[in-house]
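Undergrad: Okay, here's the structure, questions in a sec.
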Amino acid sequence: MAAPRKIALFRLPPLPTIGEVIKLYNLRAEKQLSQNFLLDMRLTDKIVRQAGSLRDAHVCEVGPGPGGLTRSILNAGAADLLVVEKDNRFIPGLNLLSEAAPGKLRVVHGDILTYRMDRGFPKVITKAWEDDPPDLHIIGNLPFSVSTPLIIKWLENISNRTGAFVYGRTRLTLTFQKEVAERLTASTASRQRSRLSIMAQYLCTVKSCFTIPGRAFIPKPEVDVGVVHFTPLAQPQIKQPFKLVEKVVRNVFQFRRKHCRKGIEMLFPETQRLELAEVMMHEADVDPTLRPTELSIPDIRALADAYSRLCSENQGLLTYDFREELRLKHLNRRSGSSTQQPV
């Protein structure tokens, strides 16, 4: 019996180096866009390996820039790579790469914050949420300026199973400023524990992969970069709407050095603040003297569940914002003082 033949992996033909592409198209990293180029293919290959096997996979790359990470994804065997690039200066170089990988690379000139990823891939790759993740990955060396808004958007998409997550539990492999990466993966009671820690970890398994020194990028950023991998959980650890959870967590962490009760109180109008905060803490059975960083995800789940019940019993509570109450009080104060006439 003849031994089975190995299927040859696709390899890109000889191409100009990324450095040569940058010179060819006179590309420069724009500081105001937080752009930093990663030219070392050993590092881009290492980022891609964190995603797992990409053999015959579908991939969306965010902000490919001059295409270094794009080449590593193609060389890893991706069958269908969709790149979304906002900066039109990079489009000619990406089109050159597309010609070298016929049928494998699609270039979209657009903004990933508004791009409809739910229309980007064939429905046939869809997996049920409780099944294994689909053969679809999001990979990106993210500009620092958009990395936090993007991951919050994607976490909300995970919660609602929209966007790239209509296909199932799509995995993400992304770069962040090292400090943001540490917040995303921080454990309970650690110094870096934050709103991002809770929001990411109640929805995903979050793994810190490795750190890239800032000197590896051009231009060199002032900070190092962390690579983080996300796998959405089949069952979220908190079963409340994303916006409600985010509101509770945001309020708690705005007073991160104080007891958690201080932030909880600010969820409620001044006239009911102490009473409803007491009810919420008692129902959640959470120690009110814990610092926000000491709250576990089960603690946050209990608080979110208690807050949800209070919202159902108190009309308008969910949309209440203490900052707006303060703003109106300040305006009324100014208006009252301006109408007083001197005796």
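Cβ from N, Cα, C; glycine included.
Source: prediction; values computed, not measured.
The S-adenosyl-L-methionine binding site annotation in TrEMBL covers ASN36, LEU38, GLY63, GLU85, ASP111, ASN141. The domain 'Ribosomal RNA adenine methylase transferase N-terminal' feature in TrEMBL is assigned to 43-234.
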Undergrad: Cβ-Cβ under 8 Å from GLY63 (S-adenosyl-L-methionine binding site), same chain, 6 or more residues apart: which ones?
TA: VAL84, GLU85, LYS86, ILE112, GLY140, ASN141, LEU142, PRO143, VAL146
Undergrad: For the binding-site residues listed here, GLU85, ASP111, which shows the highest count of neighbouring CB atoms within 10 A?
TA: GLU85
Undergrad: To which of the binding-site residues ASN36, ASN141 does the lowest count of other Cβ atoms within 10 Å belong?
TA: ASN36
